[in-house]
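Everything below concerns the one structure shown next.
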Amino acid sequence: SADVAGAVIDGAGLGFDVLKTVLEALGNVKRKIAVGIDNESGRTWTAMNTYFRSGTSDIVLPHKVAHGKALLYNGQKNRGPVATGVVGVIAYSMSDGNTLAVLFSVPYDYNWYSNWWNVRVYKGQKRANQRMYEELYYHRSPFRGDNGWHSRSLGYGLKSRGFMNSSGHAILEIHVTKA
């Protein structure tokens, strides 16, 4: 399949070059993000929803992501002369009955804010919403988009490793693997 937002690709193929291609497809937008999430969890993921605190996406969240595959997604600030970034949470139901949630935050104003990201497994099925955003952004030790790799145990037999840059043209690459 093509390296475009909304696609599911082989997990081994996920990398910065693919995410840059997804990002460039958004064109000349001041605040945008390309997201790639590699499923090496041993579980199948089914899309639930994306909650946008600010910004939007023209892309439908890839519906099924099998083990060994990676999803590609994007987001951008709202069109027009509005001072917003692109901030949201993606939620996937996993075949074990739990929910994988991924936060991304690309602010408009870097004088006051930085890029942030987070990943967490919730018990049971939970759709992304404002409450989940607040929890992941303020209370669950998010990672700064600091051009470095970060790892964390997610519980439920899983761990994550991810990278986010510090630019307004952001890339977020996350690998979810068996612990």
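Quick reminder: no glycine exception, Cβ is built from N, Cα and C everywhere.
N-(acyl)-sphingosylphosphocholine 2 is bound by Arg53, Ser54, Tyr108, Tyr113 in Swiss-Prot, and the record lists one more residue there from Gly36, Gly68, Gly75, Gly85, which is Gly85. Taking the Cβ of Tyr137 (N-(acyl)-sphingosylphosphocholine 3 binding site) as centre and 10 Å as the limit, one finds 17 other Cβ atoms among all the protein chains shown. Local packing around the binding-site residues Tyr108, Tyr138 was summarised as the count of other Cβ atoms within 10 Å of each Cβ; on this measure the leading residue is Tyr108. Inclusion criterion for the binding-site residues Arg31, Arg53, Gly85, Trp116, Gly168: a C-alpha placed within 10 angstroms of the C-alpha of Arg144 (N-(acyl)-sphingosylphosphocholine 5 binding site); this criterion is met by Trp116. DSSP assigns Tyr137 (N-(acyl)-sphingosylphosphocholine 3 binding site) to a helix.
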